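Taken straight from TrEMBL:
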TRANSMEM  21-39  transmembrane segment
DOMAIN    26-458  domain 'Major facilitator superfamily (MFS) profile'
TRANSMEM  59-82  transmembrane segment
TRANSMEM  94-113  transmembrane segment
TRANSMEM  119-139  transmembrane segment
TRANSMEM  151-169  transmembrane segment
TRANSMEM  181-203  transmembrane segment
TRANSMEM  273-294  transmembrane segment
TRANSMEM  314-332  transmembrane segment
TRANSMEM  339-359  transmembrane segment
TRANSMEM  365-386  transmembrane segment
TRANSMEM  407-427  transmembrane segment
TRANSMEM  433-454  transmembrane segment
Amino acid sequence: MREMKQKLVIMAPFLGLKGNKLLAAVTVSAGMGFILFGYDNGVMGSVLGSPSFEQQFGLSSTMEGTVTAMFELGCIIGAWSVSLFGEPWGRRTIIHIGTLCVCIGAAIQTSSYSTAQLIVGRIVAGIGMGFITSSVPIWQAETSPAKIRGAMICSSLSFTLLGQLLAYWSEYGTSKYSSSFSWRLPFALQAVLAIIVSIMLFFMPESPRWLFSHDRDDEAVLVLKCLRGSSGEQTAADAEAEEIRAAIVFENSVQRGWLDLFKEDNVRSRWRVILAIGIQSMQPFSGSAVITYYQTVIFQDSIGMDRNQAQLMSGYLSIWFLAASFLTWFLIERVGRRPLFLIFCIAMAMAMAVIAAMIEVDTHASGIVAATAIFLYEAFFTWGWMGNVWCYTAEIMPLDCRSKGMGCAVGFQWVWNFVMIFVTPIGLTNIGWRMYIIFASFNLAFFPIVYFFFPETAGMSLEVLDAVFVDKTANPVKKANEFRKKVKRGEAIDLQLEFEDALGDKEKAQHIECTKDGS
């Protein structure tokens, strides 16, 4: 079977696409994976206010939070399963499994007549989304050239917003129906989207870095050359292949099993996992998930709009969110990851403070200002944090444990999403506007954490980022800035030398032996 697949790949690899066309196809395929993520965010926030849905399930504010958060519980299970078992399967296979789970979960939700059935459906769909969100950013980061890696991942994240847009407007279009069709159809569309994602992936390349790390060098070289396309880029593809091999040899000489993820080895795996968990955990505490899931409820209950106005505002907000995300494509490589994190955590804090103040005043004029602040918050979030977080997490990990580390970090985001989504309806009911002050405080706290501990990753290959961490005498933040300046000047970074300089005499001997074995 594998031989047949290899022959087919050699005859017509990736539908004959090469270079920028193949990179665009990878971006769209990755984006379709994120469309599922955005669609669930949007669809649940929309159907919660449906009269037919309320009549069928009769959920209290506590149960609304529980049912919504069950998706996050499934995502936690899925993400941590990838962390434990995903590496041998490859990036695409894990995504395929994820789409299958989403299809099954969507079918269960669509056919639900009880709260228990709805909860089961959301957990199953969440498991699939945990697989997808843990694997898609890695797959895209490992197939993208360093110079445009951030822009490609951010463009895929814009599909998340397209998914939200599709969810809001599909529910708005069916809301005129008084029957359960008004919420069953939006749930069913999840399965359709998942099938499309799976079909597209059959024609896309596996990550060349994953192929190299699993001794499938011939396939890896073919994929790299197809991804880099033109004949002028083939030399660069060969150099990239050598960089990847050097990084693999180095990582194999200092790291082994799953538990090594939490050891302070020569590639600082433990510290890099902590950074990934940290940046993924910050996103839910920024309040973004709350605004996304409950925006219709916020417009309706906190700002005082009627249901139709609230639905329309949610739809307009999703259009604005999508349009604003396009600017991130250009900012993320030109400005860098760190500056975007730093600038916009302050901006998001200010927006949350304004929302809190205006909801407390509770007049028609203050409601307009609060709604405007929500629109500004969503723009600040997409410019500084939405795509940036997923891009950064995939970049910061060592190749040898990227799947393990990404699954672990994404699992923590889903844990905190679960907490935020569960407590928000209760918090809005009991403390009202003060919830937004809490989110403003979290956003302010992010600034010093990012400033002192998170190194820049923009413009550098994933293998160069390994070299940022191997020198234990250097601060990774300063080392990354030094390397980025070299890359901008067009200077080459000798990874072999960087890796060997970081090793002690005993480790150097082991490294040389590994190099001989790998040659």
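In case you wondered, yes, glycine gets a Cβ from its N, Cα and C as well.
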Stretch in 21-39, 181-203, 314-332 most in contact with the transmembrane segment (339-359), if contact is a CB pair under 8 A: 314-332
Intrachain neighbours beyond the transmembrane segment (94-113), with Cβ under 8 angstroms and 6 or more residues off its ends: 33, 36, 56, 74, 78, 82, 86, 120-132, 134-136, 139, 184, 187-191, 194-195, 197-198, 201, 403
For the transmembrane segment (407-427), sequence-distant contacts whose Cβ falls under 8 Å of one of its Cβ atoms, 6 or more beyond its ends: 61-62, 64-66, 68-69, 72-73, 75-76, 79-84, 86, 126, 130, 133-134, 261, 273, 276-277, 279-281, 283-285, 287, 289-290, 293-294, 297, 393, 435
